DNA sequence: GCGACCGTCG
């Protein structure tokens, strides 16, 4: 057009600017801006609004502001476009400043102003503010838009405000928004997050023309509610539609993968991931984070490392979600050093990054590193939250740092203004209890501002077991909630009796638990051999390779006995299958308990494991299972904790 | 005769 000598006008420029914006070509946009300046259209309102829009969408808010500042005449679209720019750039402060400026100028916000202004709060995660602003806007405008309703419903879902969502659903119907697809999609999602999948499904059926978001909302509703097979079924329906406009995207795949990951169904999870790659749908940070979280839960270090490699090749390793997932995966798979090096290399760290690293150090018994990281976080990082304190307190508890733990517990409420919850009390009781300060722990429980739960009593009970105190154990027994489903507490009590040779009392507690139909969920162990994960648990038939495990255990047991090791029999084996009972009789399982359970491994105890075997996970009774064996070091996992044995010395206090 | 600003899902 320009080559043929036709000049642009106030209609041409907006179209070209829009094209630049959709290509994300900011250089070209600036060049067009130059043409605007020399061709006399710099005062055209439409052109200027489009320039503001383009710069805002391309992340150049400074350029957008320059255009805005130079304008002597602005209309409501100008203001709305600025708010939209702040929203796209997650700049809530900028939007708030602009809103105040607007008020100072005596301008009333339009419906679309409210939409953008509310949206920026949602994008910045300020969901409470979204709801406040929604009320304010409805009060002032006496109406709303479907777009705002979609945003507010999504914030309700984030805040678990399902009652409010229902009220807004009422407003949707009375206000005539019920046929608006964006609102319908949002409603599916909020009902789905509340676990009301039938309502989500019927809302979905009511949508006449469904888009991909509608499908994804339904798939994730089922996946979130734990119905991953149904989620996959809906996903297949979507695939079978064979509609060019409705091809599953990264969100659809990630929802199904996330559903299987949450259920620790790794086979299905990786199968869907493979399908995703074959369909040439590119995974993003959310997909990778789901897979890493699965690897962490099922202790699949090999696959976790492959995913780490994939994320590097896909240039995603700098992403904060991926980084957090890697720190979590490495530390939970027993590789605290690799977790640490990922953390050190992260360019941005959020609350979750810091919490994951502190918890990672804590579960490996590296309390001093956990505390150093915590202090560093206080100095440079985000404000510690409830999870941070669970991590530091349990780190102290694991390492027996009583003074530090007490100090942190006080600081938590006095300096950080975080009131301790049940988990924090469990940690501090565990800390004091393990240190033998049973009376102090008991006094603390009595002073708790709310009713202690089974975890708190369980921590004290466990301390009674360690320090062979039956007096306090008896008191706890009377305080235990009889409706409790915490079978672990009963089993601990039973073990205390057993350790004192009070076999009848031990049996009574067990019978009491059994008559109420309480059964301990069997502990499960996992072993990763050649990138394949094997699961075994007591009472179940084992997969192949068990002979090798027993061979190793026999070897360990024999060596321990040869070193003059005396087994700690304070635990009794319970809820075992017939096969295990036979093994207990022939002494096999006792060796297992010795090897993994409660060993005072003597100094310089030679640890040799055949055929590079790696076993991980936990069994309730035979709690400690090897996770990683190198020439000089053995890492053992006990629930969420890790114990490092090096040259016969263990970093865990229990083994001193 | 033509335009600008808002939104839902992992």
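Just so it is clear, glycine is given a Cβ too, placed from its N, Cα and C backbone atoms.
Listed in TrEMBL:
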{"type": "DOMAIN", "residues": "A:564-656", "note": "domain 'DYW'"}
{"type": "REPEAT", "residues": "A:44-74", "note": "repeat 'PPR'"}
{"type": "REPEAT", "residues": "A:75-109", "note": "repeat 'PPR'"}
{"type": "REPEAT", "residues": "A:211-245", "note": "repeat 'PPR'"}
{"type": "REPEAT", "residues": "A:249-283", "note": "repeat 'PPR'"}
{"type": "REPEAT", "residues": "A:350-384", "note": "repeat 'PPR'"}
{"type": "REPEAT", "residues": "A:385-415", "note": "repeat 'PPR'"}
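Proximity of distant same-chain residues to the repeat 'PPR' (A:249-283), defined by a Cβ-Cβ separation under 8 Å and at least 6 residues beyond the stretch ends, is recorded for 212, 215-216, 219-220, 222-224, 226-228, 231-232, 235, 238, 290-291, 293-294, 297-298, 300, 303, 310, 314, 533. Residues 351, 354-355, 358-359, 361-363, 365-368, 370-371, 374, 377, 421, 423-424, 427-428, 430-432, 434-435, 437, 641, 651-653 of the same chain lie 6 or more positions beyond the ends of the repeat 'PPR' (A:385-415) yet place their CB under 8 Å from a CB of it. Note on the repeat 'PPR' (A:44-74): residues 10, 13-14, 17-18, 20-21, 24, 26, 29-30, 33, 36, 81-82, 84-86, 88-89, 91, 94 of its chain, located 6 or more positions outside it, place their CB under 8 angstroms from a CB of the stretch.
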